[in-house]
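Heads up, the thing below is written out as structure tokens.
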Amino acid sequence: MKFDMLWSKIHRATVTDANLNYVGSITIDEELMEAAELLVGQKVEILDVNNGERFSTYVIRGERGSREICLNGAAARKVAIGDKIIIVAYAQYDRSELSSYKPTVVLVDEKNDIVQIKHEV
């Protein structure tokens, strides 16, 4: 049996832009992507702390060091610039893998600078 478990998350990132005319996705600073072990094209869930919205999209690489968090396309209507969001990725694990299970949690400040990286829920 496979279990859907947290793979990684970027916790309380600040939305820096919302681009309605782009073809969908979330643009994430490359450094934040690497810290959270996210891949280009990977499906993620977006949880908006300010308005309660929850939706899925996929990741595209943003400029390294820009601290960009930009919702694109239709998702741009679900957030406002300045909103705090949680970007969550899941993976499937076999029960045997769960004994060493350690998700990656990236904590950021209001400027999307990395404050801490933890490997626990």
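Glycine too: its Cβ is placed from the backbone N, Cα and C atoms.
Copied over from Swiss-Prot, here are the features:
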- Ser25: active site, schiff-base intermediate with substrate (ACT_SITE)
- Ser25: pyruvic acid (Ser) (MOD_RES)
- Thr57, Gly73, Ala74, Ala75: substrate binding site (BINDING)
- Tyr58: active site, proton donor (ACT_SITE)
Using a 10 Å radius around its CB, how many other CB atoms surround Ala74 (substrate binding site)?
13
Write down the Cα-Cα distance for Ser25 (active site, schiff-base intermediate with substrate) and Thr57 (substrate binding site), rounded and given in Å.
5
Nearest by Cα to Tyr58 (active site, proton donor), of the recorded positions Ser25, Gly73, Ala74, Ala75, is Ser25
Using the Cβ center of Thr57, Gly73, Ala74, Ala75 as the substrate site position, which other residues in that chain lie within 8 Å, going by their Cβ?
Gly24, Ser25, Ile26, Phe55, Leu71, Asn72, Ala76, Arg77, Lys78
Taking only the Cα atoms, work out how far Ala74 (substrate binding site) lies from Ser25 (active site, schiff-base intermediate with substrate), in Å, as a whole number.
9
Listed substrate-binding residues Thr57, Gly73, Ala74, Ala75 - what's their greatest C-alpha to C-alpha distance in Å?
10
Cα-Cα, Ala75 (substrate binding site) versus Ser25 (active site, schiff-base intermediate with substrate), nearest Å, comes out at 7
Return only the integer: C-alpha distance in Å from Gly73 (substrate binding site) to Ser25 (active site, schiff-base intermediate with substrate).
7
Given the recorded positions Tyr58, Ala75, the candidate whose Cβ has the fewest other Cβ atoms within 10 Å is Tyr58
